[in-house]
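A short worksheet on the structure shown next.
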Amino acid sequence: ESGRTMATVNLRALTSWVGIARLSAVVLACLTFSLVASTGHFGGPYGTWCMFTWCFCFAVTLLVLLLELLELYPLLPLSWDDFTSAFSMLAALMVFTSSVVFPATFISSPCNSNQCARQAVATTASCLCFLAYAVEVSLTRARPGDISSFLSTVPGLLKVFEAYMACLIFSLLDRYSGEPGLMWCVAVYSLCFIFTLLIIIFTIGRCLTYIPCPLEKMLVGYNFLAVLMYLTATVLWPLYSFQGQSRPDPCGTDCWWNKHLGVTFLTIFNLIAYLVDLVYSTRMVFVRAP
């Protein structure tokens, strides 16, 4: 009679296939950062990033499980399906990156010490954690014709991918000031990242209805513009970065040449992502059943 709603326990949050995938991710992420912490060898920006990734994904996934178990998520002022879809995609990308960066940075050859063995097991657990998040993304992805949750559709998941690729590009940017061509590329990365991030935030915050224009057609127009902008960056970045400059010898981890090569490949990946996004968005708007 008081009008209060009591928290109920929903065991399906743990026993469904999605719940099992999340539980697996929690256990594997915990195992990974515990093993790495036990070695005491994770210093520097790359080690800090990997530890942050595993701890962040562990904490947020555990929180998601608790909120669904107690059925408290309807009280949050956000689109829960969009949030969980975006986070699982982001977690999969972050853990995949850490699963590649950590062994490449910290595991030495030959691997015959106790510390190296723990690092190898941690890397294996991290790879399995990535698979758990990938399974969650697959299970929660919207089926054809279902657009109730935008970020669970292919264009929505691609938005998360595009924003994450831009973050990786920003982490590798080096020696670009003074070159108009390179500064234009940085402007492309920044503008596309800002607009893509706003789309994700507005979708999760249920703010898209306040946009005074047809949203679906606006997304098609934005994706078309992003493809054109990234196409110019794909040409200009390697042209201005490597023209008349050979690879330094030696060229270590923080070598500018390696960073610029990484930006080149990430730019190509994002161009492909925006192109696929444009195709899917166009089909959703103009090629659908009445």
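Quick reminder: no glycine exception, Cβ is built from N, Cα and C everywhere.
Summarising the annotation, TrEMBL assigns domain 'MARVEL' to 13-145 (among others). Sorting each residue of the domain 'MARVEL' (13-145) by its DSSP state yields 109 helix, 0 strand, 24 coil.
Look at TrEMBL and you will find 14-37 (among others) tagged as transmembrane segment.
Taken from TrEMBL, the feature transmembrane segment applies to 49-67 (among others). Below 8 angstroms of C-beta separation, residues 13-14, 19, 22-23, 25-26, 29-30, 32-33, 36-37, 42, 73, 76, 84, 87, 91, 94-95, 97-98, 101-102, 126, 129, 133 of the same chain, each at least six residues beyond the ends of the transmembrane segment (49-67), sit close to that stretch.
Summarising the annotation, TrEMBL assigns transmembrane segment to 87-108 (among others).
For 120-139 (among others), the entry in TrEMBL reads transmembrane segment. Panel annotation: around the transmembrane segment (120-139), residues 17-18, 21-22, 24-25, 28-29, 31-33, 35-36, 39, 54, 57, 85, 88-89, 91-92, 95-96, 98-99, 102-103, 107, 111, 157 of the same chain, lying at least six beyond its termini, place a Cβ under 8 Å from a Cβ of the stretch.
Annotation comment: TrEMBL describes 150-286 (among others) as domain 'MARVEL'. Sorting each residue of the domain 'MARVEL' (150-286) by its DSSP state yields 109 helix, 0 strand, 28 coil.
Annotation comment: TrEMBL describes 181-208 (among others) as transmembrane segment.
The annotation transmembrane segment is assigned in TrEMBL to 220-240 (among others). Same-chain neighbours of the transmembrane segment (220-240): 162, 179, 181-182, 184-185, 188-189, 191-192, 195-196, 199, 260, 263-264, 267-268, 270-271, 274-275, 277-278, 281-282, 285, counting only residues six or more beyond its ends whose CB sits under 8 Å from a CB of the stretch.
Marked as transmembrane segment by TrEMBL: 260-280 (among others).
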